[in-house]
Amino acid sequence: MMLMDCPELYSLNQLVHLLRLVHKGCFKIDIKEFQVLLYGGQVVSWKNERREELLFMSSKANWKPPRAIRGGIPICFPQFGNLGSLEQHGFARNRMWSVDSDPSPLPPANNQSSVDLILKSTEEDLKIWPRCFELRLRVTLSAGRLTLIPRVRNTDNKAFSFMLTLCNYFSVSDISEVRVEGLETLDYFDNLNNRQRFTEQADAITFDGEFERVYLSTPTKIAIIDHEKKRTFELWKDGMPDAVVWNPWDKKAKALQDLGDEDYQSMLCVDSAVIETPIILKPFEEWKGRQEISTVSSSYCSGQLDPRKVLYGFH
């Protein structure tokens, strides 16, 4: 997308305040309290009404294509991790997306801060993943709630399957003072233990070392509680039954070139995901997921988000 396209962007959504070049070939859309890159279709910033950053961005993030950018909310598609023949986490996070001029069948978002993006299969993609697709993403901010709606349409003449993950890098004060509620008693794959399957025994998840698990059949609501900031992220999701929880801790952080040595202390990934059972789409079928993130100032009491007590479905 070239700078001359800016007038078209304004006509698509009058709430888009600015489109500017961040790095060569990497445009950023500023919409009130959040920012989205066309590169990767990636939300890279979200601030509350006090202008406090709510998403983590690595101090050593590589902003030059074709590298993925560590932080914000990258999208893993059509593969998660190394669970397939493609590059790590698939290719959607390091492709250039476009503004979607026709987000049908979703209604136009006229009264909210919103942007619609689209990624279509290219000849380059078809060489490594021979399926024709359209991957759409609507990002909306309304009443302090950040909503992402990913959609995948099969434009091929044969069925295909895919995984998809919204990788939420949350900014936290101190990882050792954070707990996650809503995943207790659930089964998970432990990626640090050869993806063996276990059942969560803790009342809530806390962190004192490297952590990388894929929780299965998770509830609609998960809470990330930051005791030091007295702030809780509420993650609501629909159509994405799995949840990935990840923190690299000190040794892994030092081994990652695009992560600062101490960055692990101020970040936690809790992802909305489709991993264990990939989505299968027949020709011209469409899948839709949804996640909403909001913050509340008070911490929950342990056990309030017992999965057996959580109502499935959006509030």
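Yeah, the Cβs are placed from backbone N, Cα and C, and that goes for glycine too.
As the structure is a computational prediction, the values presented were derived from the model and not from experiment.
What TrEMBL annotates here:
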BINDING   ARG70, GLN88, ARG93  substrate binding site
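This view paints the features noted in TrEMBL onto the structure.
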| residue | record | contacts (Cβ under 8 Å, 6+ apart) |
| --- | --- | --- |
| ARG70 | substrate binding site | MET57, SER58, LYS60, ALA61, ASN62, TYR169, LEU256, ASP258, LEU259 |
| GLN88 | substrate binding site | GLY81, ASN82 |
| ARG93 | substrate binding site | GLY40, GLY41, GLN42, ALA68, ILE69, PRO74, ILE75, CYS76, PHE77 |
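Highlighted in sequence order, ALA68, ILE69, PRO74, CYS76, HIS89, ASN94, CYS167 have their Cβ within 8 Å of the centre of the Cβ atoms of ARG70, GLN88, ARG93, the residues recorded for substrate, and are not part of that set.
Taken over all pairs of the listed substrate-binding residues (ARG70, GLN88, ARG93), the Cα spread reaches a maximum of 13 Å, rounded to the nearest whole number.
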